[in-house]
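Asks: Sequence annotations record features per position, and here Swiss-Prot assigns heme b b562 binding site to His83, His182. The heme b b566 binding site annotation in Swiss-Prot covers His97, His196, and the record cites similarity to another entry as its basis. Sequence annotations record features per position, and here Swiss-Prot assigns ubiquinone binding site to His201. Sequence annotations record features per position, and here Swiss-Prot assigns transmembrane segment to 33-53, 77-98, 113-133, 178-198, 226-246, 288-308, 320-340, 347-367 based on similarity to another entry.
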Amino acid sequence: MTNIRKSHPLLKIINHSFIDLPTPSNISSWWNFGSLLGVCLMLQIVTGLFLAMHYTSDTSTAFSSVAHICRDVNYGWLIRYMHANGASMFFICLFIHVGRGVYYGSYTFMETWNIGIILMFAVMATAFMGYVLPWGQMSFWGATVITNLLSAVPYIGPALVEWIWGGFSVDKATLTRFFAFHFILPFIIAALAMVHLLFLHETGSNNPSGLNSDSDKIPFHPYYTMKDLLGVILLILALTLLVLFFPDLLGDPDNYTPANPLNTPPHIKPEWYFLFAYAILRSIPNKLGGVLALVLSILILALLPFLHTSKQRSLMFRPITQTLYWILAADLFTLTWIGGQPVEYPFVIIGQLASILYFSIILVFMPISGHIENKILKLE
């Protein structure tokens, strides 16, 4: 008699995805972040559901309802800060996950990679709309500034902005629809994540060497289930430390002031995980150009499979491109720092140089270094 997990229609899917899945024996801890993203998503959906039970998406009561959650709901403060800081952990895992994919050449799995880019846009949209919901100063002005960027779209721009606002400014209609979208998107993300895994399991996982690992596979369970469990424990430990000791470390104090359309905060800036893109947006002194650069800063990931010139997949044995990769990582940290600074000298010029460097490394230097390494190794 066959095992039920191998015969039952539902359990069979789970078995092929998480139990008997043949996995490369040498994947490192950088491969833990996919499962951590799944844990983050589940955590966000659960905490978000409980927050939605007490939140009201009306401009007159939204801010008070969040205060009510923190003051009067049993462990409401915990749920709220788990949700807010859970988003930060989500993005830390997301950036590491994408960075791993770039480093080890995982972008050669085209379908998996492209679904991943769509997932990234969906997560960013969800986080942006979630930031608007508490209806603090930074919520309101962030929503105003970012939605206004759509007015740069030629011909239909202004109509598009008013259509998204549901009026002539960010108001009740905007908040209500943002709440609706913020609620539905995580479920769409969960569905997309399943498609992401479906395509990944068509090809099998990549590994640090970038070589074919068909000859050396081990079952996912118990090896990687245990390894993932350790990652989950560390993630929850980090999140717990953040929530219980430094709940407002990554937030903006301006968001503790109720939204006021008549009073602009001195420095409008998004949450830390958007600062790199915000810095790229601000570094171009033209509205449409800035918006295009903003979108391209993420969409450029879709070009990576076509810019791959090396005969080797991974950067593991490619010191020149490795150096460029870490310069790119440092450049992203620089952009993140600049995005949080006021628009004045010397921050403007640093941001512009960092933005140029970002696109240059990806579009010019990395493809060239791939060719150079091929020549050195006599692969061309």
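One is the number of the first residue shown, and numbering goes on along the chain from there.
Glycine too: its Cβ is placed from the backbone N, Cα and C atoms.
Could you place the listed features in the three-dimensional structure?
Replies: Contacts of His83 (heme b b562 binding site) defined by a Cβ separation under 8 A and a same-chain sequence distance of 6+ are given as Gln44, Thr47, Gly48, Leu51, in order along the sequence.
His97 (heme b b566 binding site): 20 other CB atoms within 10 A of its CB, across all protein chains. In three-state terms derived from DSSP, His97 (heme b b566 binding site) belongs to a helical segment.
When other Cβ atoms within 10 Å of the Cβ of His201 (ubiquinone binding site) are tallied across all protein chains shown, the result is 14.
Same-chain neighbours of the transmembrane segment (33-53): 69, 79-80, 82-83, 86-87, 89-90, 93-94, 96-97, 100, 182-183, 186-187, 189-190, 193, 228, 231-232, 235-236, 239, counting only residues six or more beyond its ends whose CB sits under 8 Å from a CB of the stretch.
Nonlocal intrachain contacts for the transmembrane segment (77-98), taken as residues 6+ away from its ends with a CB within less than 8 angstroms of a stretch CB, comprise 30, 33-34, 36-37, 40-41, 43-44, 47-48, 50-51, 66, 69-71, 116, 120, 123, 127, 130, 235, 238-239, 242-243, 247, 250-251, 271-273, 301.
With a cut-off of 8 Å between Cβ atoms, the residues of this chain six or more beyond the transmembrane segment (288-308) that come close are 98, 102, 105, 107-108, 110, 113-114, 117, 120-121, 124, 149-150, 152-154, 276-278, 280-282, 355, 358-359, 362-363, 366-367, 370.
Residues 99, 102-103, 269-270, 272, 274-280, 282, 310, 347, 350-351, 354-355, 357-358, 361-362, 365-366, 369-370, 372-373 of the same chain lie 6 or more positions beyond the ends of the transmembrane segment (320-340) yet place their CB under 8 Å from a CB of it.
Residues of the same chain lying 6 or more positions beyond the ends of the transmembrane segment (347-367) and with a Cβ under 8 Å from any Cβ of it are 279-280, 282-284, 293, 296-297, 300, 303-304, 307-309, 321, 324-325, 327-328, 331-332, 334-335, 338-339, 341.
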Asks: Roughly how many angstrom lie between the C-alpha atoms of His201 (ubiquinone binding site) and His182 (heme b b562 binding site)?
Replies: 29
Asks: I'm trying to understand the geometry here, so how far is the Cα atom of His196 (heme b b566 binding site) from the Cα atom of His182 (heme b b562 binding site), in Å to the nearest whole number?
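Replies: Roughly 21 Å, rounded to the nearest whole number.
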Asks: Is the transmembrane segment (226-246) packed against any residues at least 6 beyond its ends, judged by a Cβ distance under 8 Å, and which are they?
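Replies: Same-chain contacts beyond the ends: 29, 32-33, 35-36, 39-40, 43, 78, 81-82, 85-86, 88-89, 93.
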